[in-house]
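Undergrad: This is the structure I have questions about; it appears just below.
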Amino acid sequence: MAHPAQLGFQDAASPVMEELLCFHDHALMIVFLISTLVLYIIIAMVSTKLTNKFILDSQEIEIVWTVLPAIILILIALPSLRILYLMDEINDPHVTIKAVGHQWYWSYEYTDYENLEFDSYMVPTQDLTPGGFRLLETDHRMVVPKESPIRILVSAEDVLHSWAVPSLGIKMDAVPGRLNQTAFIVSRPGVFYGQCSEICGANHSFMPIVVEAVPLEFFENWSSAMLEDA
């Protein structure tokens, strides 16, 4: 969960998000080293009065500033490609959920069950219970079992939306007429908040996402209760 004056990412709640945090630190260190080197060169050039008017070209320097950036790009690309493959890998999901974006709410359908589907609207500020988060709470949460592979299919009914939960490292575009998919594993129980991350109209800021991860037996009890109420 984000908090005021937060400078870093939210706490990771999935293996993919943990990998993304490590990759961020890896890339940030490379950027820091490059920035330090460039700053040192600029200061050295400005602070000295010595100049060399006779070096018009240097084969060695040209080799260095061609090979070195290539090596740096490879060091960034390899871990990035690894994470991309991890995000695309879907092996035997325990639960498949279809999320459809509407103006301006989300609807969820648990495709492994015959009639388990519901709409999820933002709770208005005046209806919040003590401890609720303004503009983030919903009347129905997307409940998933923890430590289980979850496949989510994302689409939209009207305009472009985007289903995003930062703690899980997920951001998937919801496109009308197109079905995108991704997978995730929630590594610990908890409630994780997200929002539509694609400007989709006047009430774009008022279609939050709430994912609640619970133990498997709690999920089975919840799904049974939802089916009885359907």
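Glycine is treated like the rest: Cβ placed from N, Cα and C.
Below are the features I grabbed from Swiss-Prot:
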{"type": "TOPO_DOM", "residues": "1-14", "note": "topological domain 'Mitochondrial intermembrane'"}
{"type": "TRANSMEM", "residues": "15-45", "note": "transmembrane segment"}
{"type": "TOPO_DOM", "residues": "46-59", "note": "topological domain 'Mitochondrial matrix'"}
{"type": "TRANSMEM", "residues": "60-87", "note": "transmembrane segment"}
{"type": "TOPO_DOM", "residues": "88-230", "note": "topological domain 'Mitochondrial intermembrane'"}
{"type": "BINDING", "residues": "HIS161, CYS196, CYS200, MET207", "note": "Cu cation A1 binding site"}
{"type": "BINDING", "residues": "CYS196, GLU198, CYS200, HIS204", "note": "Cu cation A2 binding site"}
{"type": "BINDING", "residues": "GLU198", "note": "Mg(2+) binding site"}
Undergrad: Across all protein chains in the structure, which of the binding-site residues CYS196, CYS200, MET207 has the highest Cβ count within 10 Å?
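TA: Counting Cβ neighbours within 10 Å, the top one is CYS196.
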Undergrad: If you count Cβ atoms within 10 Å of each one, which of the binding-site residues HIS161, HIS204 comes out on top?
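TA: Within the set of binding-site residues, the most crowded position is HIS161.
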Undergrad: Using Cβ atoms and a strict cutoff of less than 8 Å, what residues sit near the topological domain 'Mitochondrial intermembrane' (1-14) while being 6 or more residues removed from its termini?
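TA: The answer is 20-21, 24, 133, 166-170, 184-188, 190, 192-193, 213.
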Undergrad: Within the same chain, and leaving aside HIS161, CYS196, CYS200, MET207, name every residue whose CB is within 8 angstroms of the centroid of the CB atoms belonging to the recorded Cu cation A1 site, in sequence order.
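TA: Same chain, not in HIS161, CYS196, CYS200, MET207, Cβ within 8 Å: GLY101, GLN103, TRP104, TRP106, SER162, ALA174, GLN195, SER197, GLU198, GLY201, HIS204.
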Undergrad: Other than its close neighbours in sequence, what residues sit by the topological domain 'Mitochondrial matrix' (46-59), given a CB gap under 8 Å and a spacing of at least six beyond its ends?
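TA: Long-range Cβ neighbours of the topological domain 'Mitochondrial matrix' (46-59): none found.
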Undergrad: Cα of MET207 (Cu cation A1 binding site) to Cα of GLU198 (Cu cation A2 binding site): how many Å, rounded?
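TA: MET207 (Cu cation A1 binding site) to GLU198 (Cu cation A2 binding site), Cα-Cα distance: 11 Å.
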